[in-house]
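Going by TrEMBL, these are the annotated features:
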type	residues	note
TRANSMEM	A:12-32	transmembrane segment
TRANSMEM	A:38-56	transmembrane segment
TRANSMEM	A:77-99	transmembrane segment
TRANSMEM	A:119-144	transmembrane segment
TRANSMEM	A:151-174	transmembrane segment
TRANSMEM	A:194-216	transmembrane segment
TRANSMEM	A:237-255	transmembrane segment
TRANSMEM	A:306-324	transmembrane segment
TRANSMEM	A:336-355	transmembrane segment
TRANSMEM	A:361-387	transmembrane segment
Amino acid sequence: MATTALQAPGRWASALAAVLSLGLVFAAWQLGGADSDSQALSLSLLGGALFGLLLQRSRFCFFCVTRDFIEQRKPDGLLGIIAALAVGTLGYHLVFGAFVPDPSSGRLPPDAHVGPLSWVLGLSATVFGIGMALSGSCISAHLYRLGEGAFASLFALFGALIGFFLGFLCWNPLYLLSIQQAPVVWLPAWQGYGVSFLLQIALLGGLACWLLLHVQASTEPRVVARNLRQLLFGQRWPTWVGGLLIGFLATLSYLRVGPLGVTAELGSVARTAADGLGWLPERLEGLDSFSGCATAVKEALLSNNGLFILGLVVASWASALLAGDFQPKRPRVSELLRNLLGGVLLGWGSMLALGCTVGTLLSGIMAGALSGWVFAVFCLVGVLLGLRIRRYW
Amino acid sequence: MTIKNLFGAGLLAAATLLQAAQALAASDVLVSTEWLEKNLNNPKVRIIEVSVAPGVYERGHIPGAVNFAWHRDLVDPVRRDIASQENFQALLRKSGISADTTTVLYGDNNNWFAAWGAWVFDVYGVDNVKLLDGGRVKWEAEKRALDNRAKTPVAGNVTVKAANKDLRAFLPDVLAAAEKRSDVQLVDIRSADEYNGKVFAPQGVQELAVRAGHVPGAVNVPWGQAVAADGTFKSVEELKKVYGAVGIDGSKPIITYCRIGERSSHTWFALKKILGYDVRNYDGSWTEYGNAVGVPVVNVAGTVWGGK
């Protein structure tokens, strides 16, 4: 595969990629302004673009890397996720110290994705994991794959909208049954930032040590890059390179705009549409008081998360064009159905878990939220279950 | 250039300097953004942000400012009341406020909640409390620096007094004014649509009253009429004109109210602190009055509550 990956993309592909990149820069410039709100919009678009580039180049797909390890015992991808979590943990703890000097005050840092711990989180993370396995990736990977021409991902994303709607319908009973009384556990509140940081790094380090035992000799030779373009858009980057950079991006994003997340906009679109049609309960109890990939009935067309998603998809498209990874395929009907159904599970799971692998797992664990760890464990359980189902479908 | 010209120029320069110095001096109740920037490192000045939106402070605040969360720090979180004397004193001491400290409050949304904070300070008899004229908006518009590192000051030693009930209006006081049993003027600072009963509450708020309209006898002066285009309070003359036009001239005691008592603190500040009138803030406001049983209401629009 290495030789094909280094083939220079066609002239049209390069030109289109250049137009897309210029379009992103122009839009970011147009959005920006002297006030913090317009800066947040502009930064969200740029942050999304950078995230899309990193996801596409380093194949940062939670499902793919998990399956690599489960089926082929290849740990490289999972190590990339651990790299992101380690760097992000360091960055978040540094920023927290500036935002909230005393973590024991009983207050949570603003916007950080620290969610309630109840059996609903376990259930929704498991369902999300099954959805990942069925549809072939999590929501962030569906978004960047859209840029690679995977049109089946559109079905998964449409399914996610339906899933969100079903999640909203389930919210009130589940909230009153369990979520309302659930503890919201933020590790730094227990023994301070130092202990929380060391605890997480020790855990991540332990996991990395165990995964490294499984490293195999690479079957894919690294090709020497002879210019910048080959270096950036030749072979895929090792996942850990993407992981380290995503850790930095997550920290800077939290500092300037908010934690990384990819479902707030999807959820808001679903909520706005369902609300407009009068299909939602009058009030979603307590939902808006949690930090996480918050959904809202949309009042403005442009939102931070919407622009983040837009930047993600456009940049991964440009990146895929330059790297020769843009390969539109006509999906089979069964694949479309699997994407749609998987998408419904993804949407339902991420609505009730207040985020997905990015919003709850990545941004949650980096923030020292126990809910992030719980999501990770149950999501893995879901992927294992989903892979079993895949054997028959 | 003749000696005469030189002398004239010197006089002119001196006059300009004098004017600038006057503008820089802090008034009794307001400080300018310029004054505050020059006093950022003054150990006798403590800056406190009280913003409506959570998370605004953390991402950037006036350097050295301490954050008060209005829905936790300044209220009793269980019963509907302002923070207890004990809690409020502990909060102020933790924020480094001592007996000789000048406290400057500011916040987003034209200082709504900063003014409410100033009212709570007033109720507890804390001296030397001022508002940053124009608040966060003006500070940002003038491109002055923000910081995102929160400050934990050395604890102060301020002692707050028992709550002064005379600064606060309660339902019976408002009812007495409505029924003309007392000679008190009511100022409703909500929007005209709320005042006239076209809507129960502004967009996006959950806390409703089950009746629309206003307290009989209240005049409607939306809070925004007290501010100039740059977000600062209007001058004393302009404020007198605005309120004088509806018969509020300080000759009688005044009660201000809004929906939950916070925005009305902004008008309370203008009338009481800037104009020096006798004013109480009714913090129960329309969410209490409009839900109270058996009280008289004026509902111009005639909107009927339908359970939604």
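Placed from the backbone N, Cα and C atoms, the Cβ positions cover glycine too.
Owing to the predicted nature of the structure, the values given are computational and were not obtained by experimental measurement.
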Q | Chain residues outside the transmembrane segment (A:119-144) and at least six past its termini with a C-beta under 8 angstroms from it | A | 51-52, 55-56, 60-64, 67, 150, 152-153, 156-157, 159-160, 163, 167, 174, 178-179, 182, 262-263, 266, 309, 312-313, 316, 338-339, 341-353, 356-358, 360, 371, 374-387, 389-390, 393
Q. Does the transmembrane segment (A:194-216) come near the transmembrane segment (A:306-324), with 3+ Cβ pairs under 8 Å (pairs 6 or more apart)?
A. no
Q.
Can you work out which residues elsewhere in the same chain, 6+ from the ends of the transmembrane segment (A:12-32), have a Cβ less than 8 Å from its Cβ atoms?
A. 38-39, 41-42, 45-46, 49, 302, 307, 311, 314-315, 317-319, 321-322, 324, 326
Q.
Is it the case that the transmembrane segment (A:38-56) and the transmembrane segment (A:361-387) touch, counting contact as three or more CB pairs under 8 Å in which the residues of each pair are 6 or more positions apart?
A. no
Q | Surrounding residues of the transmembrane segment (A:77-99) on its own chain - C-beta under 8 Å, 6+ positions past either end | A | 58-62, 64-66, 68-69, 109-110, 112, 188, 193, 196-197, 200-201, 204-205, 207-208, 211-212, 238-244, 246-248, 250-252, 254-255, 362-363, 365-368
**Q.** Same-chain residues near the transmembrane segment (A:306-324), Cβ under 8 Å, at least 6 residues beyond its ends
**A.** 4-5, 7, 9, 13-14, 16-17, 20-21, 23-24, 31, 41, 44-53, 55-57, 140, 143-149, 229, 232-234, 236, 262, 265-266, 268
(Q) Can you tell me which parts of the same chain pack against the transmembrane segment (A:151-174), counting only residues 6+ beyond its ends and a CB-CB cutoff under 8 A? (A) 120, 124, 131, 135-137, 139, 142-143, 145, 263, 266-267, 269-271, 273-274, 279-281, 283-285, 287, 295, 328-331, 335-336, 339-352
**Q.** Same-chain residues near the transmembrane segment (A:237-255), Cβ under 8 Å, at least 6 residues beyond its ends
**A.** 43, 47, 50-51, 54-55, 57-60, 65, 76-77, 79-88, 90-92, 94-95, 111-112, 362-363, 366-367
